Amino acid sequence: MSWMQNLKNYQHLRDPSEYMSQVYGDPLAYLQENTKFVTEREYYEDFGYGECFNSSESEVQCELITGEFDPKLLPYDKRLAWHFKEFCYKTSAHGIPMIGEAPNVYYRAVWVMLFLGCMIMLYLNAQSVLDKYNRNEKIVDIQLKFDTAPFPAITLCNLNPYKASLATSVDLVKRTLSAFDGAMGKAGGNKEHDGEKEVITEAPTTPAPTTKPSRRRGKRDLSGAFFEPGFARCLCGSQGSSEQEDKDDEKEEEMHETTTRKPFNINDADEEWDGMEEYDNNEHYENYDVEATTGMNMMEECQSERTKFDEPTGFDDRCICAFDRSTHDAWPCFLNGTWETTECDTCNEHAFCTKDNKTAKGHRSPCICAPSKFCVAYNGKTPPIEIWTYLQGGTPTEDPNFLEAMGFQGMTDEVAIVTKAKENMFAMATLSMQDRERLSTTKRELVHKCSFNGKACDIEADFLTHIDPVFGSCFTFNHNRTVNLTSIRAGPMYGLRMLVYVNASDYMPTTEATGVRLTIHDKEDFPFPDTFGYSAPTGYVSSFGLRLRKMSRLPAPYGDCVPDGKTSDYIYSNYEYSVEGCYRSCFQQLVLKECRCGDPRFPVPEGARHCDAADPVARRCLDARMNDLGGLHGSFRCRCQQPCRQSIYSVTYSPAKWPSLSLQIQLGSCNGTAVECNKHYKENGAMVEVFYEQLNFEMLTESEAYGFVNLLADFGGQLGLWCGISFLTCCEFVFLFLETAYMSAEHNYSLYKKKKAEKAKKVASGSF
């Protein structure tokens, strides 16, 4: 039919009251009895319900959509059906109105299939979009910033952690070094003695004319030697004349072998023993007012090579000798009362000390000196060793538990023994920070000269002391976090330049190289010189060129970095989080949990204690935990992520010999001639330069590759492509849900009121 017939039927809607009464009767009748209602579809007979909306007349549209037809008067189920039909005709989503307005079943079926197909495609593409979003992909943006980069903090350490002259006064260190000497002696076997035999075999067979047999004692080798004062039985005066004659013959033979004789000088390390053996007792004796109660000269050197295994019988044969545990040498020896306890200018790694040294600087070391001015480091706190007791029992006189704790048993490789000895030096953790700082190098002793940006540094103010468990006292330049230092230009002249002095003559026997250790880090980060440091040798100018890269990482869910700050178990308080610090914290927590004490190399939380380095049980537990973690970085027990913000310094190292022969100037506090100071600093000093190679730095910034905005754009595109749905269309569905929920609640509330009224009515009728 034409739309005019529809308008004719529409006239029935002009009077709503009459229409509702005519079609539905009483609106509330459905609550009282089952009444068959005439639906809109039946009313319009053969006309499609949607055809009424095809009229282009604005008045008709107004009446149909907004006007006088009230769906609230319909029964609940009919009202819902009417509401859904209204939504189908009015929604802006594609396909749904075509299904609702379909003139027949076939037409509707085609549109249903098309709609379902589009929904399937929408699902597949939407799933792909969501998967891409859930992958949390990120991109790295690299920018080159042409700006002055902040200068890093520089931590400087001496490769020798503690002064041998002072550290050997600590009983535990002394015992550790003694065990180390014993292990080195066993590992080396009789190599030195075999070498002497080879020399004798290759020597000319024609003996020199002599009136008595020659008993040549080989020259003592300083490598590995370590002197300490010890009591021994000796032969003095006429008792030791035969040995003295042998010694004179030995010195006479050496005179034929050596044309030039030099006194001992710490500036000439290769000849230091020559000077020690060439002293002349008569030239160095001083007039001590000592009464010779036994008829002998108490200032005279005594002999103990034949008697050192025997216990002294009295005052006349009780001497103090310079004893070396590794070679069992006891020489020189003088009567007990002739040694003088005093202070020496320098003491080297062999505990041999000298007085009145022109190149010496800093504090003096306690020592004990013989009348010949042969001096040995000695603090006087522990009595000298009894040599006869030591030699009769050998190294086993040491506590077996202590030897086991040191871990030298069964070791035959000298390099491994030295490494183990370095590890054992964490025994110093039993001392307070103040004591460890006192035993180590001071900043004034290590840093002689310093400049930054071409201007002199204030060594006391610009360097902060930091006690490291491996390197002792270290000193950090640019430690003030409130001051931002920058280089005004690139190149070594505008960076940090330091003249350092290591005093190699006072090195520990466990220190293998002379020089300094340099660590470059952010001032907020804890320095780890044993892991990230660079070594700079003496006798060279070491140039470290820097390039800075700043990393900015995304936290979860895009990345796996740790936000600014530190984790709860981080043991390096007042410092920012780092991966190395995390691993060490994890290891320390594991040790504290299973060993009931902490590794002495790392800090412990408040209330915890460090393990005793001499306790074999604690050492076994520490070694077991180390093996469990595969070193310090066992990933299966410790999970440490990168920090979200990090500064990475790339270092380029280049050395050159230093000082040059033309550098004829007084360096540091050297009081000798320019040539002597030049040679002295070549063995004990170094020049260190740290600078930026370019005044720019890289910024590496992570950002999300596919964010929420991208998700909305792609998802909205898929909705529009396959279903023609926009954000407003989604709002239509939301309102549809809210309206149907409201109608359901309203209907249930009406039923509730009806039941309540019926119940009240029954109660009222029952009371009459």
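Cβ from N, Cα, C; glycine included.
The candidates are Asn54, Asn336; Swiss-Prot tags Asn336 with the feature N-linked glycosylation site. Cross-referencing Asn480, Asn748 with Swiss-Prot, the residue annotated as N-linked glycosylation site turns out to be Asn480. Beyond the topological domain 'Cytoplasmic' (740-768), the same-chain residues lying 6 or more positions past its ends with a Cβ under 8 Å from any Cβ of the stretch are 31, 76, 79-80, 83. Here the topological domain 'Cytoplasmic' (1-109) returns a mean pLDDT of 61 for the predicted model.
The separation of Asn336 (N-linked glycosylation site) from Asn480 (N-linked glycosylation site), Cα to Cα, is 54 Å. It is 15 Å from the Cα atom of Asn503 (N-linked glycosylation site) to that of Asn671 (N-linked glycosylation site). The residues of the topological domain 'Cytoplasmic' (740-768), classed with DSSP into helix (H, G, I), strand (E, B) and coil, number 28 helix, 0 strand, 1 coil. In this structure, Asn484 (N-linked glycosylation site) belongs to neither helix nor strand by DSSP; it is coil. Across the glycosylation sites listed here (Asn480, Asn484, Asn503), the residue whose Cβ sits among the most other Cβ atoms within 10 Å is Asn503. Asn336 (N-linked glycosylation site) falls within a helical segment according to DSSP. Taking only the Cα positions, the spacing between Asn671 (N-linked glycosylation site) and Asn336 (N-linked glycosylation site) is 36 angstrom.
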